[in-house]
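Novice: There's a structure below that I have some questions on.
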Amino acid sequence: MTNIRKTHPLMKIINSSFIDLPAPSNISSWWNFGSLLGICLIIQILTGLFLAMHYTSDTMTAFSSVTHICRDVNYGWLIRYLHANGASMFFICLFLHVGRGLYYGSYMFSETWNIGVLLLFAVMATAFMGYVLPWGQMSFWGATVITNLLSAIPYIGSDLVQWIWGGFSVDKATLTRFFAFHFILPFVIAALAGVHLLFLHETGSNNPSGLSSDADKIPFHPYYTIKDILGVLILILVLTCLVLFSPDLLGDPDNYTPANPLNTPPHIKPEWYFLFAYAILRSIPNKLGGVLALVLSILILAFIPLLHTSKQRSMMFRPFSQCLFWILVADLLTLTWIGGQPVEHPFIIIGQLASILYFLLLLVIMPITSLFENNLLKW
């Protein structure tokens, strides 16, 4: 009798994706982040579901409903902080996952990569709308500033902003629709993640060498299931420490003040994971230019496969490209720091230089260096 996992219509999908899947024998821990992102998504959907049971999306009661969750609901504080810090863990895993893809040339699987870029946009949109829901000062002003950026679009801009707001300012209609979208988008993300995996399993995984691993495959289970469990345990340990010891480490104190349209906070800034893009936005004095740069800072990832000029796929054997990659990482960390600083000297000029370097590295310096490396190897 054939094993049920190979014959049952549902089981055989799971079997071919997580059990008998042929995987390269040399993939490192950098390949763990896909499963970690899956775990993060599950944590976010579950904690979010329980929060939604107690949350009210009304401007008069939103802030107090979050307070009620933390004070009166059994383990409500735990659920709330798991959800808030779970988002931070989600983005840490996302950035490392994208960084791995850039370093090892995984973007050559263009369908998988482009679905990934789409996923990144969807997660960013979800996180932004989630940040508005507690209806604190930074929620309100963050929503006002970011949605207002759309008014830079010629001709339709101001109508578009009013259409998103559902009125002439960020108010009850905005909060209600943001809650609705924040609830539905994670399920869209889950579906997209399924498509992401579908395209990945068409080609099989990349590996650190960037060479074909068809000659040397091992089954996903037990080798990579055990390896993934280690990653999951580390993720849960870090998240638990964050939630139990310093739940507000990555948050903004301004969000503990109820939203007040008459009082602007001295420094409006988004959550830490958007600061790099926010710094790029602020570094351009023109509103439309800033918005375009903001969108391009993420959208540029979609053009990475077209900018690949090297004869080798991975950066494993390309020391010059490796140096540039780590300069890019340092540049992004600099942008993240600048995004959280006030708009004054010397932060303005540092932000502008870091923004220019970011685009120069990805669009010009790295492709030219790849050609130079080809030349060195007489390829």
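Just so you know, glycine gets a Cβ as well, placed from its N, Cα and C.
Okay, so Swiss-Prot annotates it like this:
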- 33-53: transmembrane segment (TRANSMEM)
- 77-98: transmembrane segment (TRANSMEM)
- HIS83, HIS182: heme b b562 binding site (BINDING)
- HIS97, HIS196: heme b b566 binding site (BINDING)
- 113-133: transmembrane segment (TRANSMEM)
- 178-198: transmembrane segment (TRANSMEM)
- HIS201: ubiquinone binding site (BINDING)
- 226-246: transmembrane segment (TRANSMEM)
- 288-308: transmembrane segment (TRANSMEM)
- 320-340: transmembrane segment (TRANSMEM)
- 347-367: transmembrane segment (TRANSMEM)
Novice: Count the CB pairs under 8 A between the transmembrane segment (113-133) and each of 77-98, 178-198, 226-246, 320-340, 347-367, then give me the winner.
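Specialist: Checked against 77-98, 178-198, 226-246, 320-340, 347-367; highest Cβ contact count belongs to 178-198.
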Novice: At 10 angstroms around each C-beta, which of the binding-site residues HIS83, HIS97, HIS182, HIS196, HIS201 has the fewest other C-beta atoms nearby?
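Specialist: Fewest other Cβ atoms within 10 Å, among the binding-site residues HIS83, HIS97, HIS182, HIS196, HIS201, is found for HIS201.
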Novice: Please report the distance from the Cα of HIS83 (heme b b562 binding site) to the Cα of HIS97 (heme b b566 binding site), rounded to the nearest angstrom.
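Specialist: With the alpha carbons as reference points, the distance is 21 Å.
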Novice: Would you kindly give the Cα-Cα distance separating the residue listed as 'ubiquinone binding site' and HIS97 (heme b b566 binding site), rounded to the nearest Å?
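Specialist: Computed Cα spacing between HIS97 (heme b b566 binding site) and the residue listed as 'ubiquinone binding site' is 17 Å.
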